[in-house]
């Protein structure tokens, strides 16, 4: 009887099952760490840019963008050199660490439209940070998902579930409510943010169309963006005289201007943030809609 039962019941190795469970929990922790790191980096980056452009009135946004691109390329190269990351999904182990050979010239040409859309997105986004206060910037930038959905529908005919569309509707409603009671309303600032949203949607659509066919992963695409856009931006800031003029900026060597950690308290320093209950309600609606959208996408709804 026991032997017959053993034949019918599947035999599983408890050690293998335990390993799979540990693997699953490890992947979950890794994803959580990545999400938290991305969120912290994004917040600090916005705070830094806002502090430099508004609190210190640094007039050379293109220079900030250039140095951020250079730092990004440097970090990517170091991580690639230490074999922590790769630029393609199937990369040979004997891949050269020569920066000129990390990505082929043919691949660079293939990713050129993506890189140019990235450059436009970066420049417009930097101007939008300068033009509007941080809370409203964050609220309005959440509406990017609506622009992205429209671009995806126009290019590929992709449709989304009612729950996803509903969550995006809440985000847009929150932006309208917050904007209607924004006591520091600036038409130019709002217009620039929405142009930045359109540029972001075009960039994301370009990733979907060009990124997959290039054979590069996210790190590889970031590398191509920096390698292509860096020289363009360097040339542009040079002929405009931004790099030379930056040397005469009065706060260039100020500890407050150079210390990255002080900008975490940047919101205290920013003017133009008067309190209004409906404005806070609108921002809260936008945040709730973003969480609902993320949940729906996570569940595949």
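Backbone N, Cα and C define each Cβ position, glycine as well.
Note on TrEMBL: of 162-181, 282-301, the range annotated with the feature transmembrane segment is 162-181.
Under the criterion of 3 or more C-beta pairs below 8 Å, with sequence separation of 6 or more, the transmembrane segment (219-239) and the transmembrane segment (162-181) do not qualify as touching, having fewer than 3 such pairs. If you look at the transmembrane segment (187-207), the same-chain residues 6 or more away from its ends with a CB under 8 A from one of its CBs are 113-114, 117-118, 120-121, 124-125, 127-128, 131-132, 137, 140-141, 143-144, 147-148, 150-152, 155, 179, 221.
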